[in-house]
2 protein chains.
Amino acid sequence: MTVEKKEFAVDAAYETHWTKLTQTATKLQYYSMIGSLSGWDMQTMMPDGAFEKRAEAAGFLAGETHRLMTDPRLEEAVEALMEGAEAGHLGEREARSVALFDRNLKKIKNIPEERYRAYFTLTARGESVWRRAREANDFSSFAPLLEEIVAMSREFIDYLGYEEHPYDALLDDYEPGLTVKRIDQLFPALREGLIQLMKKIEASPHKPDLNRVRGTFPEAQQKKISRTVSERLGFDYHKGRLDKSAHPFTVGLHPTDVRITTRYFATDPFSSLYSTVHEAGHGMYEQNLPLELEPYPGLMAPVSMGVHESQSRFFENVIGRSYGFWQYVLPLYQEAFPDVFGKLDAEEVFRLVNASRPSLIRVEADEVTYNLHIMLRYELEKSLMSGEIKVRDLPELWREKMDAYLGIRPKTDAEGVLQDVHWSSGLFGYFPSYTLGNIYASQLYAALRKDIPDLEERLSSGDWEGPLHWMKSHIHRYGSLLDPLPLIERASGAPLSIEPLLNYLEEKMARVYRF
Amino acid sequence: MTVEKKEFAVDAAYETHWTKLTQTATKLQYYSMIGSLSGWDMQTMMPDGAFEKRAEAAGFLAGETHRLMTDPRLEEAVEALMEGAEAGHLGEREARSVALFDRNLKKIKNIPEERYRAYFTLTARGESVWRRAREANDFSSFAPLLEEIVAMSREFIDYLGYEEHPYDALLDDYEPGLTVKRIDQLFPALREGLIQLMKKIEASPHKPDLNRVRGTFPEAQQKKISRTVSERLGFDYHKGRLDKSAHPFTVGLHPTDVRITTRYFATDPFSSLYSTVHEAGHGMYEQNLPLELEPYPGLMAPVSMGVHESQSRFFENVIGRSYGFWQYVLPLYQEAFPDVFGKLDAEEVFRLVNASRPSLIRVEADEVTYNLHIMLRYELEKSLMSGEIKVRDLPELWREKMDAYLGIRPKTDAEGVLQDVHWSSGLFGYFPSYTLGNIYASQLYAALRKDIPDLEERLSSGDWEGPLHWMKSHIHRYGSLLDPLPLIERASGAPLSIEPLLNYLEEKMARVYRF
């Protein structure tokens, strides 16, 4: 399949149906744009007092979306178009568009409008309630809302349907086709490999000295570095912006309006940078979705959250934690914070930012232990959705699992069960995307290295165009034309596998820990 | 009429109609909220590249509004309710609500949806095109768009209808009932009075020395002062925020979410403050609209732009340019800018910020000459709308009228015809609201002084609650229950008159210029 421009290709008999579909899709796109804007605003700009009314507005927008999607004339049109596609009366893009639309329509049609709307009102409230609960380290103030969200998610699972495990219904929303069964084929072997690697790291006498970056790092300078580095990687500020939020995120209103956020800690000079680079990875995917696919509903869109995370995790870790990257970036840090960074060289910073040790916060975790944080969340979500555990069990189960997986226990819920924004927004089923993203990213990296064998030297010298260029032509340009697995297989030239990730980590850690 | 809480009061026979009306109004409120958010975002946050797509979204939202407003079942319901109100089957608030809704419905019903939508797409584009044209001092790059906006405004005048002058159709949108005829009864006498006052000022040997505030005033300190002063006046940051934009404005998404903007000039320490205080005046009106009127469509809303401007101009000028205000605020300036303000006392700053001399920029104009800027715009708009003049005539006519009214000619269009944002957003008919606002404000001030005879002393000592409290109970709490003139008459205890404005200015200028 190619994405070159083709003539409009719908057989005359299907034109009315196609028009109905595209008109609805255009409206849905506007609703999605302004809904995204409102969501971004809630997390970055909105005054606290506005919270209740805005949550209602989110519910209203969801209701309008639902109304459009469940219009019987739309269903008729989509059914006719599905038949037309099967009989070869539609072009390739139109057929793909219709198939994706049909998939979404089947998901939403069993959900009563009132419940759909209530769900969005509820989850729009979530971020703010969670933020305050985390600040106050008070799980009990978040639990009642979380219970409602869990109950509604389980109710929605029944509307959505599933074949084997209730959690499959949610996984499919973020990664089409992903199931508990498939995850359970990947995660245990990955876990085993990671634990072996952790043992080697533990045994190494060559540990980076984290005390070398003690100091105070004012926000203004951190902000400047985040901006410079993200721009240099290819995030386009003519079509995007960078703000501050409690939990970093990316929102794409349209390829011409993509907003990323980060957060700043005065005692940590790297956290804001890596959040920015992570989100810039998401943001560049959104910015480079092909505008020529805009006329085809659903095609000018990221194909899955796993693929989305492959982009963010690739830029954050593969690029952002590479030696070449630091050869170029260190001078920015030395200029901003001469006292601390004046004494360091690129090799040492490279080792510091790749230091691996069990830690409490997922988004600050190193690449080796990161996936264990995901596995913990995966197991909790799966059991919550099947009803085996309850919201009230979460804080203690979190502590137990942290102990079992990473050998440490959070002292507070703020650094335990309250650390992530996801559940407050109803994003159950999302977390596995991160590990999938890591797996995809390392497959893509293996292929990219063949095309750019001198990547490290290029990064060192400030020639940073390669990685984005490669991602544009192997991932971004396809929009949602291909399903995630075929897309990754085509781009990487290999089937899904955890080996590239384990090899990549082994290679990097061997360099950091000198084993 | 009182605004105390009353029982729900719609006769059973009209309940279905009332339900139809309120359901539609609720949707319209959400559209208006997210449309306002999008408009705010366009002017403060949105990346440049997003401009086209967002203008389309503005058109889409307008189209949805139009569709809701022109639903035949809504018209039926409103007609039935109008009859019901006449026959006494509706409560007072419901009847007022229906009457206002009917007025808006009659306005929109003759406008074809396609044109309505096109108008909003066009004017959403306007701000950005205008901003660039003003920056480049290039009227020709703005003229084609302005021509389109003028042509569409004239087309809309035909849909809206009018009795005497085409411009009346637009005036009525900002100030219900306002006509060219009424303005022509007010403005010439006001102009005459102002010119007499300008002569006295000109003749005075006691002119404030404007060279006393030369310097550079960094944005960060200006921002801090703007924030402190607006908060102290009563703008509630729990339900609002302050940002930066090319042209200061206020947008109320809801009483719980009101956003004001200002702009900063490094060489002018007062401009950002007065823009902030002006917009805070608007903002406090929006924040204090009574939530108890929310169930009644259209009542929890500012009643007119003239009344809105009475609030902004009151806080900006009557309070913000008073001697008492400066006794309290000067220490903030002295702390922020000790070199310049260390040498000044409150009396001198009071005289400086009230210095009156012909100047080019309306929003920077003193209170005496300000209304002449409005009269110039009023005349140009009136002639544009009647077709007597064309867009291409504007730059030269602007220069000529500035010369005739104020005795000065702008050297560039940026400080002439391009200075205001209004036309780029299609706001023809708005400008007279400013002078009406000044007239209303001085009537309100005359009444307020009787209630708070020691206002100056209170302001001096930092007891700033009085003015907002007075406005809340005499203006804000009524929402749109009363029409503008009855509202102002009731609040001020006197009929509409230019005398209080002329007296207020005379008194203040006598103090500044010692005549």
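The backbone N, Cα and C atoms fix where each Cβ goes, glycine too.
Any TrEMBL annotation is an automated prediction that lacks curation.
Of the listed candidates (B:E231, B:E309, B:E335), TrEMBL assigns B:E309 to the same Zn(2+) site as B:H278, B:H282. Those recorded positions from the list B:H278, B:E279, B:E309 that have a Cβ under 8 Å from chain A Cβ atoms: none. Around the Cβ of B:E309 (Zn(2+) binding site), 29 further Cβ atoms fall within 10 Å across all displayed protein chains.
Around B:H282 (Zn(2+) binding site), the C-beta neighbours below 8 angstroms that are at least 6 residues distant in the chain are B:T250, B:I260, B:H308, B:E309, B:Q311, B:S312. Cβ-based neighbour count (10 Å, all protein chains) for B:H278 (Zn(2+) binding site) stands at 25. Surrounding the centroid of the Cβ atoms of B:H278, B:H282, B:E309, where the record places Zn(2+), the chain contributes additional residues within 8 Å, namely B:T250, B:E279, B:G281, B:H308, B:Q311, B:S312, B:R313, B:F315, B:E316, B:G437.
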